[in-house]
Amino acid sequence: MAEAATGFLEQLKSCIVWSWTYLWTVWFFIVLFLVYILRVPLKINDNLSTVSMFLNTLTPKFYVALTGTSSLISGLILIFEWWYFRKYGTSFIEQVSVSHLRPLLGGVDNNSSNNSNSSNGDSDSNRQSVSECKVWRNPLNLFRGAEYNRYTWVTGREPLTYYDMNLSAQDHQTFFTCDSDHLRPADAIMQKAWRERNPQARISAAHEALEINEIRSRVEVPLIASSTIWEIKLLPKCATAYILLAEEEATTIAEAEKLFKQALKAGDGCYRRSQQLQHHGSQYEAQHRRDTNVLVYIKRRLAMCARRLGRTREAVKMMRDLMKEFPLLSMFNIHENLLEALLELQAYADVQAVLAKYDDISLPKSATICYTAALLKARAVSDKFSPEAASRRGLSTAEMNAVEAIHRAVEFNPHVPKYLLEMKSLILPPEHILKRGDSEAIAYAFFHLAHWKRVEGALNLLHCTWEGTFRMIPYPLEKGHLFYPYPICTETADRELLPSFHEVSVYPKKELPFFILFTAGLCSFTAMLALLTHQFPELMGVFAKAMIDIFYSTELRDWNCKSIFMRIEDELEIPPAPQSQHFPN
C-alpha cells in the first residue's frame, strides 16, 4: 500500500513538472483571459489611469535617484558575488540558479534507473577523489629541532602549521604505540607524550621515560638472584623516547644521529624479542608490528642523517638494505629518499633502475617519480637543445620523448616548474604533502632543484616546453590526458598545510565569470551616467539627443566624436571664448 502511494505521488510530481515545462504558454493565456474578464470588478482601468498620472508627475530627479539606488544595490550584489567567488570559487547566483531554481523549473531529469546504473561509476570516482585528496607523510621531511626550529630562531616565522603538526602527532601515535603500552611504564609515558601539544612537555616526558628505566635497573638488580641479573641488564631502554629527543631536542644533525644510534640499539633489541613472540597472540603481534615500524623509522632517519652530513654512499647503502629487509613497508616511501641520494651521486643508471621498478601504472605516482623520469629523458637531449633549431627542423625522437615526459610530469603536478625555474620563492617543506598540490611541489623542488641545475640545459628545456601541457588539457578539472582530472580539493588542503606567509599556488587559475564582469561594467556605467545627469542635466539631455540623432541619421558611417560635440555646441549655443583685453599701464 505504501509503495503504491509513493508511486502515485512520484507520478503526480512528474505530471506537474511536465505540465510546467511544456504548458506554460497555455497557463499564461489563461491568466490573461482571467484578467480581461475581471477587469471591471478589479477596476483595472482606474488603476492604470492612476498609475499613469503618478508617472507623469514624477520629476527627473526621481529617475536620477532611482538609477543611483539601483546602482548602489547592484554594486552591493557585485561585492558580495566577488567575495563569494574568492572564498568558494564559484558564482553564488549561478550556484543558486543551478541547484535550486533548475529543479523547480523541471531541469532535472527523473531517471532513477540511470542513477542506479551509474552508482558503481560514481562510487569509483568518489573513491578516486578521496585518494587524490589524501594527505601523505613527506618522505623527505626535515628534523624539527635541527632544521625547523633553527629557521624559527633566525626568521621568527613558524614553518609548520598546527594542522601539519597535528597530523604528525597522529602518525606517531599510529606507528609508535600499541594496546599493550600501559603494561610498561616508559611506553605508557611516551603514549601520553605523543599526544602532548607543547614541545617542552614532550621533551620532558621523553627524559622521564628514560629515567624510569634507569631507576628500575638500579633498584631491582640488588634484590634479585644472580641468575636473573643478565636478563635485567638486557632490558632495553625506550627507543621511542630517543626518537622524540632526536627529532625535537637535538639542535644539529650530528646530535640527532647520536640519539638515533642509541634508539637503534634499543629498538633492535625490542624487535628481535617481539619477533620471537609474535605468534603467541594478537597482543604480541600488535607489539611486533609497532616494533617493526619503530625500527624502520630509526634506520630511515639514520640514512637521512648520513645524507645530510655528506656521507651519501653510506646513506644509499642503508636505504637499499632497508628496502631489502622490509620490502612490504611502502608507507615510508623510502625509494624517494633513495632516488634523491642517487641523483646526488649522479648515478643515473641506478636511478633508471629504481624508476623501472616504481614508475608502474599500478603504483601511486608522485612528483618525485614523474619529474625524475622527465629529468632523465631531458638529460639525453638538453645539452644540444635549441628552440630555434627545433622550430626549423622539428623535434627528434629523443627530444619528443623528453617533451612528452615533461608534459606528463607537469600534468601530474603543475606547480613544480615555477619553483624549478625560480619564478616563485621556496620555503621549508611541510611534514605532510598533498599529491599534485603546491605542498608536494615545494617538497620536491626543495631537494631536487640542485639536481636539475646540475644537468646542463635541463631547465632551459623545461622553460621552453612546460606551458605546452595546458593546451593538451584545456579543462583539467573535468578531463585529464594521462592522469585523472585535477582534484579540486588541493587548494584548501594546501592552505592548511602551508604557513600563512606563503602564497599558495592555485591551479587552474580562477577567472572571474562573465556575469561578474558584465555586472561590474554595467553598474559602473550606470552610476557614471546617473552622476553626470544629476550634475549636468541640460548637457546630458542634449548629449543624449545628439547621440540618438546620429545613430538614426544617414550619416552613421561617418560620425565621430567631433560631430557629437559640434551638435552639442549648436544646441546649447555656447558663445565663443572672450578675447583677452590689454589695459594700458
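Keep in mind that glycine also has a Cβ here, set from the backbone N, Cα and C atoms.
What Swiss-Prot says about this one:
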- 15-35: transmembrane segment (TRANSMEM)
- Asn47: N-linked glycosylation site (CARBOHYD)
- 62-82: transmembrane segment (TRANSMEM)
- Ser386: phosphoserine (MOD_RES)
- 512-532: transmembrane segment (TRANSMEM)
Message: For the C-alpha pair, I'd like the distance in angstrom between the residue listed as 'phosphoserine' and the residue listed as 'N-linked glycosylation site', rounded off.
response: 80
Message: Applying a 10 Å Cβ distance cut-off over all chains shown, what neighbour count does Ser386 (phosphoserine) have?
response: 13
Query: What is the number of other Cβ atoms found within 10 Å of the Cβ of the residue listed as 'N-linked glycosylation site'?
result: 11
